[in-house]
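Structure first, then comments.
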């Protein structure tokens, strides 16, 4: 009997660490499965998914630029996927339908909590208003922060996303120039760190003992985490978020929850 097949779809995707992560999960949990990276054509994600399923594929992760394509493709959406407007996990159901979920927000919250960060009652700031931010708002709100503010270069995008995420006003939005006050947790949901760029942030942004979290990660601290260290903050990069969201996807497919700590240590050594 052949192993169950899983994959990650992206374009480009050769750099993805997901195959390594899921190989470690499978070994740890004794699961007979394979996991590969597939570069889908930008104009035909649906075709790539259906071909994978026809060849025996059981499920997939989805990364840029296909998260919205996967959302539209799905037959059944989880509530959190419907709220996020994008998905990163697909499951081929026994009934032949495609089930979809998003695990990014859960991954972020679990990684923050694994680092001892208290979200309840915290003042949280998120930088950016793209898909990466949209997908994490609900899980953060579920932790009952005292405030959740979105800041973006284009202020109107932040305001619109805040209104969509919380019509009752629990989330606020605005531009970088309007930032005022100190925050307990500042999350960089932009890809600026990949280009070595830093959003225009005031020096007083981080509260005493504040935490700066970058969704990006690298072998060395990103420019955002360097900024945090220079302003007395504790920096955490996004490697743990990647591993925690992968663990949630793994659970959706296999109904087994892996221990993420040893995988995080292994991946950190391999950076």
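Placed from the backbone N, Cα and C atoms, the Cβ positions cover glycine too.
Note that the structure is predicted; figures quoted are calculated from it, not measured.
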Same-site NADP(+) binder from 107, 195, 235, 238, given that Swiss-Prot records 128, 129, 130, 131, 132, 152, 153, 154, 155, 156, 157, 215: 238
Site extent for shikimate, whole Å (max Cα pair distance, 16, 17, 18, 63, 88, 104, 217): 19
Cβ packing number for residue 238 (NADP(+) binding site), 10 Å threshold: 23
Site diameter for NADP(+), Å, by largest Cα distance between 128, 129, 130, 131, 132, 152, 153, 154, 155, 156, 157, 215, 238: 27
Separation of alpha carbons, residue 16 (shikimate binding site) and residue 155 (NADP(+) binding site) (Å): 32
